[in-house]
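Novice: Can you keep this structure in mind? I'll have questions shortly.
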Amino acid sequence: MLYPIFIFILAGLCEIGGGYLIWLWLREGQSSLVGLIGGVILMLYGVIATFQSFPSFGRVYAAYGGVFIIMSLIFAMVVDKQMPDKYDVIGAIICIVGVLVMLLPSRA
């Protein structure tokens, strides 16, 4: 189970990092090189997601969505210095429970 978690985290870092670089370019006036690097990192995110061991695209992306939410809240705390409120935390917990429900059962 460590490999899928590693892939989810790596994909999340690429999606959030790439998206943030594009945000900096388009919203905060950074150079187009920053945006280009963000685009390349976002492309890597799409490739990294295919390394998951789960056979179903839809299930992988649905489960990844829960991981993405948690990582986005952590990013907001570390980079934007915005602490999640109780509703953010409750929502994130609900999402992680959903991810576990999707991924943990053995399907025959």
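Glycine residues also receive a Cβ, built from the backbone N, Cα and C atoms like all the rest.
Swiss-Prot lists these features:
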| type | residues | note |
| --- | --- | --- |
| TRANSMEM | 5-25 | transmembrane segment |
| TRANSMEM | 31-51 | transmembrane segment |
| TRANSMEM | 60-80 | transmembrane segment |
| TRANSMEM | 86-106 | transmembrane segment |
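Please situate the listed features within the shown structure.
Specialist: Nonlocal intrachain contacts for the transmembrane segment (60-80), taken as residues 6+ away from its ends with a CB within less than 8 angstroms of a stretch CB, comprise 8-9, 11-13, 15-16, 20, 49, 52, 54, 88-89, 91-92, 95-96, 98-99, 102-103.
Long-range contacts of the transmembrane segment (86-106) within the same chain, counting only residues at least 6 positions beyond its ends with a Cβ under 8 Å from a Cβ of the stretch, are 4, 54, 59, 62-63, 65-67, 69-70, 73.
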Novice: By a Cβ-Cβ criterion of under 8 Å, what residues six or more beyond either terminus of the transmembrane segment (31-51) are in contact with it?
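Specialist: The answer is 7, 10-11, 14-15, 17-25, 60-61, 64.
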